[in-house]
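Have a look at the structure below before the remarks.
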Amino acid sequence: GKMLAAVSRVLSGVAQKPASRVLVASRTFANDATFEIKKCDLHRLEEGPPVTTVLTREDGLKYYRMMQTVRRMELKADQLYKQKIIRGFCHLCDGQEACCVGLEAGINPTDHLITAYRAHGFTFTRGLSVREILAELTGRRGGCGKGKGGSMHMYAKNFYGGNGIVGAQVPLGAGIALACKYNGKDEVCLTLYGDGAANQGQIFEAYNMAALWKLPCVFICENNRYGMGTSVERAAASTDYYKRGDFIPGLRVDGMDILCVREATRFAAAYCRSGKGPILMELQTYRYHGHSMSDPGVSYRTREEIQEVRSKSDPIMLLKDRMVNSNLASVEELKEIDVEVRKEIEDAAQFATADPEPPLEELGYHIYCNDPPFEVRGANQWIKFKSIS
């Protein structure tokens, strides 16, 4: 037994030494490279974002790590869900990593972002750790909402969630943009919704107010082709979501290309900051998972369709190929990042399964900022719930 343990220790020691380190050290990489990106379709705009962009080695490595982290985190959530450690609603965004990472790359940390319930990726790109996100999914005290929000209700600084009601975040986003303007801040709000929510009346009401008041609001339709199990063609009389703001200018963007998303976001944010009012972006993307964990995702589309997107337009693969072919990084170096990311996810999952759940007496915490002054029929219902942080 001891002998075996010793042998396995030696072997694992050998396995852990990154052989590629020597290679990487001796090789020189380009500091940056210029790439052609797909031209955006425009609505009510004379010109759009540039069709070439420069990617630095440093940014490329950062984007790659972030996208890979979101992908692995979602796959880990899938695994924990199947083990019944995560319960209830759970909407995964694998396939859409170029959207959350690309949008973040195009704005400042002081800008604002609000989205619907497919929010894990944005929660991460807005600055929370994988630990806090996975622990929130498993309902533990170390989660970003102390385990009470779950998959659809996570928040970070300048990130207003996760919202469980379809489309309800859009008027809220217009409100955040109103606050930016009212307070005289040079900030914008990215207001996201899906193709399923795009047919909601409240979205058109928000368009109208935002245009009337020239709010710095970037309305972003993440079009992943299916609202639950309904394809866009079956749900919308016009699937040109970028044109549906009518009097609001729009862009249709390749949402599988992080550089396309980044440039379009920079363009849209600059448009809003210049005081011209709102602008619309449609990100054409794709989700590999079903709508939620209860949806296998193959009754309304074929496995072949999913496989084709994976093999031809995967956002992570696209970035990787560009970086390797332009001498911005080596395959070995990117593999090393993959190993580090996997380890980070494993550690986070360990924490998310070992961390304690909040006790029942904390049920009423954080409902009121302090003990509420009112009584109902002569009794204070909340007396037993002390509100403490």
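Just so you know, glycine gets a Cβ as well, placed from its N, Cα and C.
Note that the structure is predicted; figures quoted are calculated from it, not measured.
Site annotation (Swiss-Prot, ligand Mg(2+)) includes Asn224, Tyr226; from Asp195, Asp254, Asp257, the additional listed residue is Asp195.
DSSP gives Tyr226 (pyruvate binding site) a strand state. Around the Cβ of Tyr117 (thiamine diphosphate binding site), a 10 Å sphere holds 22 further Cβ atoms from the protein chains shown. Applying an 8 A CB threshold to same-chain residues 6+ apart, the list for Arg118 (pyruvate binding site) reads His91, Leu92, Cys93, Gln96, Gly194, Glu222, Arg287. Considering other CB atoms within 10 Å as the measure, the emptiest surroundings among the recorded positions His91, Asp195, Ala197, Lys243, Ser299 are those of Ser299. For Tyr226 (pyruvate binding site), the nearest of the modified residues Ser292, Ser299, Tyr300, Lys312, Lys320 in terms of C-alpha separation is Tyr300. By neighbour count, meaning other C-beta atoms within 10 Å, the densest spot among the modified residues Lys62, Lys320, Lys335 is Lys320.
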